[in-house]
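This report concerns only the one structure given below.
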Amino acid sequence: MNILQNLKKSDPVISNFINSEKNRQETHLELIASENFASIAVMQAQGSVLTNKYAEGLPQKRYYGGCEFVDEIEELAIQRAKKLFNANWANVQPHSGAQANAAVFLSLLQPGDTIMGMDLSHGGHLTHGSPVNMSGKWFNAVHYGVNKETSELNFDEIREIALETKPKLIICGYSAYPRTIDFESFRNIADEVGAFLMADIAHIAGLVASKLHPNPLPYCDVVTTTTHKTLRGPRGGLILCKDGEFGKKFDKSVFPGTQGGPLEHIIAAKAVAFGEALQPDFVNYSQQVIKNAKVLASTLISRGIDIVSGGTDNHIVLLDLRSINMTGKIADLLVSAVNITANKNTVPFDPESPFVTSGLRLGTAALTTRGFNETAFAEVGEIIADRLLNPNDSVIESQCKDKVLALCNRFPLYEGKLEASIK
């Protein structure tokens, strides 16, 4: 029996919601920068009998019996992660990027220690010291931002803040920063103030794996990431380290420090994704992600819409909508009405609240997986510009939606193979 047919019989309500979500993904242009489309193989691993197995501990050091096969799977995931990022140690158990970060904090910090990360409104992340997050409640968080003129990192200012505040941990890596990160400069500052250096590469992990962005491991004490986004795996976390002995501290902070049993079905899916990312085709994919982002940015700029920092080096294109006198909240609603999913986002020195914002964040990873090339992304850019520059024109709204649906038909999600894979 088809798996989804079985679900439809046992729980038709959930089955209908899943089918509705599948239809939404097929008929919308996914431009949320933190999303991607995992392969059918990754999803099959997630939906396997491994979901039944409890396996507290590390491979060969479990607290439960019957772990011989999940040990093999987890060891393979670790080996592939180490090879992919040229690391000497890896822990594949974190359930998310946020939990990977929490495990690092538990290993390196005491409550009240000073941590230093990018201001959330400039492109940082909640887990880098935001006052609404554990990282900002348990630790003394100080923040750096970007240069007001260039919207790029200002290392002179970062050094000044570090010298003044003497953080125990400096965090680099961001959720809305479209430029290359100079990890070596961060290392120099960390050494000067005696701080640990952590890189959170959740957004750029796939580009790092493809050697299209500098690898932080030669410079950072520890690296965390998610396994979805540009890495195109299941939703999960990963911790990497260049020093195997140092890495053992993080093993203990994952389990029993912050988690119980690992999700072995997700770890299997991570192993599959790491294996996919080790193939030459993945480098081609990552190259296309960047090419597409540059075309998307240049198309929008040509229509009079400002892009934060004037362009992009990765998959992120961050629109500064002050250039067209619009808020991110309104822009999000406008593109959503024509089947484009994105997210409102603060821009550096944003006068609006986080619930309104002056920015719209776009990303090219998901549609590149779907097969979109530069020509297609030029079309996407024109559609977005048409919609944002004509917010009250119902005719243009209808035309934009028709163009979106035509693109979805030209680049079908999973090329129609999804149904066949789950029989």
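A Cβ is built for glycine as well, from the same backbone N, Cα and C atoms used for every other residue.
Residues annotated as (6S)-5,6,7,8-tetrahydrofolate binding site in Swiss-Prot: Leu120, Gly124, His125, Leu126, Glu245, Ser353, Pro354, Phe355. Secondary structure at Pro354 ((6S)-5,6,7,8-tetrahydrofolate binding site), as computed by DSSP, is coil.
Taken from Swiss-Prot, the feature N6-(pyridoxal phosphate)lysine applies to Lys229, supported by sequence analysis. Residues near Lys229 (N6-(pyridoxal phosphate)lysine) in space but far in sequence (CB under 8 A, at least 6 apart, same chain), listed by position: Ala33, Ser34, Glu35, Asn36, Ala202, His203, Ala205, Gly206, Ala365.
DSSP classifies His228 (site 'Plays an important role in substrate specificity') as coil under the three-state reduction. In sequence order, Ser34, Glu35, Asn36, Ala38, Pro234, Arg235, Gly236 are the residues of the chain that are 6 or more apart from His228 (site 'Plays an important role in substrate specificity') and have a CB within less than 8 Å of its CB. The site 'Plays an important role in substrate specificity' annotation in Swiss-Prot covers His228.
For the binding-site residues Gly124, Pro354, counting C-beta atoms within 10 A of each C-beta gives the highest total at Gly124.
All protein chains shown were included, and the count of other CB atoms within 10 Å of the CB of Phe355 ((6S)-5,6,7,8-tetrahydrofolate binding site) stands at 9. Around the Cβ of His125 ((6S)-5,6,7,8-tetrahydrofolate binding site), the same chain contributes Gly117, Met118, Gly173, Tyr174, Ser175, Asp200, Ala202, each under 8 angstroms and 6 or more positions distant in sequence. Taken residue by residue with DSSP, Gly124 ((6S)-5,6,7,8-tetrahydrofolate binding site) is part of neither helix nor strand, so it is coil.
Of all residue pairs in Leu120, Gly124, His125, Leu126, Glu245, Ser353, Pro354, Phe355, the annotated binders of (6S)-5,6,7,8-tetrahydrofolate, the farthest apart have Cα atoms separated by 44 Å.
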